[in-house]
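Pasting the relevant annotations from TrEMBL:
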- 1-25: region 'Disordered' (REGION)
- 59-82: transmembrane segment (TRANSMEM)
- 131-148: transmembrane segment (TRANSMEM)
- 160-180: transmembrane segment (TRANSMEM)
- 187-206: transmembrane segment (TRANSMEM)
- 218-239: transmembrane segment (TRANSMEM)
- 298-323: transmembrane segment (TRANSMEM)
- 353-370: transmembrane segment (TRANSMEM)
- 376-395: transmembrane segment (TRANSMEM)
- 409-429: region 'Disordered' (REGION)
- 436-456: transmembrane segment (TRANSMEM)
- 462-490: transmembrane segment (TRANSMEM)
- 509-557: domain 'Cationic amino acid transporter C-terminal' (DOMAIN)
- 511-529: transmembrane segment (TRANSMEM)
- 535-556: transmembrane segment (TRANSMEM)
Amino acid sequence: MHSLTNVLKRASRTKPIPEEEEDGGLRRCLKTRDVVGLGMGVTVGAGVFMATGKASEEAGPAVVIALLIAAFGCGCTGLCYAEMANLAPSTGSSYSFVYHSAGELPACMVGLTNIINNVMTGAAVSRGWEGYLRALLVTVGAPVPQFLEGFAFGPFEISFLAPLLLGFVIAINLCGTLAVSTFNNVVTVGSITMLLIYVFGGAANVDPDNWDPFMPTGVSGVAHAAGSVFFSYIGFDVLATLSTEATHSRVIPLGIVLTLALSTCLYCCVGGVFTGLIKYTDISKTAPLASAAELRGLRWLALLVAIGALGNTLTTVIGCVLAQPRLCFAMAQDGLLPSNLVRVNRFGAPARSLLVLSVPALFFALVFDFHKIADVVSVGALCIFSLVCASLILLRCPRALHATGGNSAGAAASHSSNDEEPVRPSMPATRSPRRVIVGLVTFSISIFVLGILFRIPSSSTLAVWLLRGSMAVVILSAAISVFFVCLPFLQSREDTYTWAEQTKRAHGFKLPFMPVPPLIGIMMNVLLISQMSFLTLMEALFLQTVAGAFYFGYSFSRSHLNVTKKTWAPVFASTVPPQEPDDL
């Protein structure tokens, strides 16, 4: 039992926030316009071309409201990323954020999950790009070459163009972040220009009768549509991996905020015009925006949309490939992955990590179609978002300074020299208040159970009342847990401090009304997780189990926190460094 306790203590160790900004070994070359360009390129991808059509089927013209709801919920998570990127800029993004607050084991699981998600997403979107190219050729009336069709080989679905596209993007990434940013900005500007032409060209041809009724499926339809477009706003995790390559600490937070604001405006404009061009009951499932333009006789507009879809899908692949090696690079710097992955080429790119991860990405793009595992990737991403929101609460949570007993000679001397003055506590509490941690866990479980209860059908009167009673109990539990999470923030005094105050950037970008926005982000993410199928949740749990096994099998004994002198630089004079392995 004692050995197990020691193992858990080591697995829950947190990495100190550096007082000064770290360069991480990568070149600082990104300005705000570069970050916004990358953010728009990653965010405005398949979401605007496919998810908008699906959401319009569910909500009708009220898809604009659904887009705003999703933007608010996802924006709370994005703002948490923005503040964390200001507090602890790192190439590790969510991995580093969780490492600073929740501990080494969850951080390793988050990092591995993020790497797998980006590898899978990059391969899957490459397959989607191939599909958009076929659709474009059909739109212009050109014959589709045979090699674009691919073929089935047993359980595999072979594709030739998808790995070629992925290889091209990997080659650009090897040329450095500035080269990737320049190429991405050119493609993104062209793609968004075509979307704006679609908005202004379609606005002159909308039929107001298509907006009546405005909310044909009611509130439930809008709620389902908001869930469908939630992932259309996700791109801030990729931007956070660029923190150590930005020219100023404000660049990443500002880039995340501007990306969320601009993408929301663009989505709402496209959704409003799209539902005005076509009745929501006649929406095509394959190419909704282009089909709507063709039905209104705007063939040239449909062609522009098809070209824009190619460009935006390409930039989404660029974002996925951009994030993969940086996450791997950050974990290798901390010793949780092989140290030989920390290698930067002469262009300032993490070349070794990129080449290692390119092998599985190219293989998956060649032989697999990932539509069946898209939900598993989504569950992993939502779990990571929830952990980042919780991490910000833990870093910003006020905690009391407490005495160290007889270990502080300075405190004892002060007490003997002047008995009338109170002894100033000499050691800050290194752990988050237990009530806050229990409150966050209880809140997440309560929201998950509430989401499950919403899915249970009830036919009889007794079942309805039992369901309502269960919901009332769960809601009460969630409310109590929110109270315990908020209590330290309401009781903050001068003799308290927050873990975020270790850094000089603590007074930079600060999210107001703490901890409300992170709690909203957790609620939205967990509600979406609860709507996944049981099989999907079991598959996601299996992947997390594998990630945990990797940590205990490899990373646990190689973590740089095992050797104090390598990485520990205390900010407070009285801060206690992590214990040596022999002491644990």
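Numbering starts at 1 and runs along the chain as it is shown here.
Any Cβ shown, glycine's included, is placed from N, Cα and C.
Bear in mind that TrEMBL entries carry predicted annotations, made automatically and left uncurated.
Context for these features, please: burial, neighbours, distances.
Distant neighbours of the transmembrane segment (59-82): 52, 93-94, 97, 210-211, 213-217, 221-230, 232-234, 236-237, 239-240, 252-253, 256-257, 259-260, 263-264, 267-268, 271-272, 274-276, 280, 385, 388-389, 392, 509, 511, 517-518, 520-521, 523-525; these residues of the same chain sit at least 6 beyond its ends, with a Cβ under 8 Å from one of its Cβ atoms.
Counting residues 6+ beyond its ends, the transmembrane segment (131-148) has Cβ neighbours under 8 Å at 49, 160-161, 286-287, 290, 302-303, 306-307, 309-310, 313 in the same chain.
Long-range contacts of the transmembrane segment (187-206) within the same chain, counting only residues at least 6 positions beyond its ends with a Cβ under 8 Å from a Cβ of the stretch, are 37-38, 40-41, 44, 48, 266, 269-270, 273-274, 276-277, 289, 292-293, 296, 298, 301, 304-305, 307-308, 311-312, 314-315, 318.
Within the chain, the transmembrane segment (218-239) has long-range Cβ neighbours (under 8 A, six or more residues past its boundaries) at 35, 38-40, 42-43, 47-48, 51-52, 54-56, 58-60, 62-63, 65-67, 69-71, 73-75, 77-78, 81-82, 85, 93-94, 114, 252, 255-256, 259-260, 263-264, 267, 319-320, 322-323, 378, 381, 384-385, 524, 528, 531.
With a cut-off of 8 Å between Cβ atoms, the residues of this chain six or more beyond the transmembrane segment (462-490) that come close are 393, 396-399, 433, 435-436, 438-440, 442-443, 446-447, 449-450, 453, 456, 496, 514-516, 519.
When Cβ-Cβ distances below 8 Å are used as the criterion, the transmembrane segment (511-529) is approached by residues 72-74, 76-77, 79-80, 82-83, 227, 230, 378-379, 382-383, 385-386, 389-390, 392-393, 396-397, 440, 443-444, 447-448, 450-451, 482, 485-486, 489, 537 of the same chain, each at least six residues removed from its ends.
For the transmembrane segment (535-556), the list of distant contacts is 7, 10-11, 104-105, 108-109, 112-113, 116, 335-337, 373, 375-376, 379-380, 383, 529: same-chain residues at least six beyond its ends, Cβ to Cβ under 8 Å.
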What stretch, picked from 160-180, 353-370, 376-395, 436-456, has the most CB pairs under 8 A with the transmembrane segment (298-323)?
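Result: 160-180.
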Is it possible to list how many residues within the domain 'Cationic amino acid transporter C-terminal' (509-557) are helical, extended or coil according to DSSP?
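Taking each residue of the domain 'Cationic amino acid transporter C-terminal' (509-557) in turn, the totals are 39 helix, 0 strand, 10 coil.
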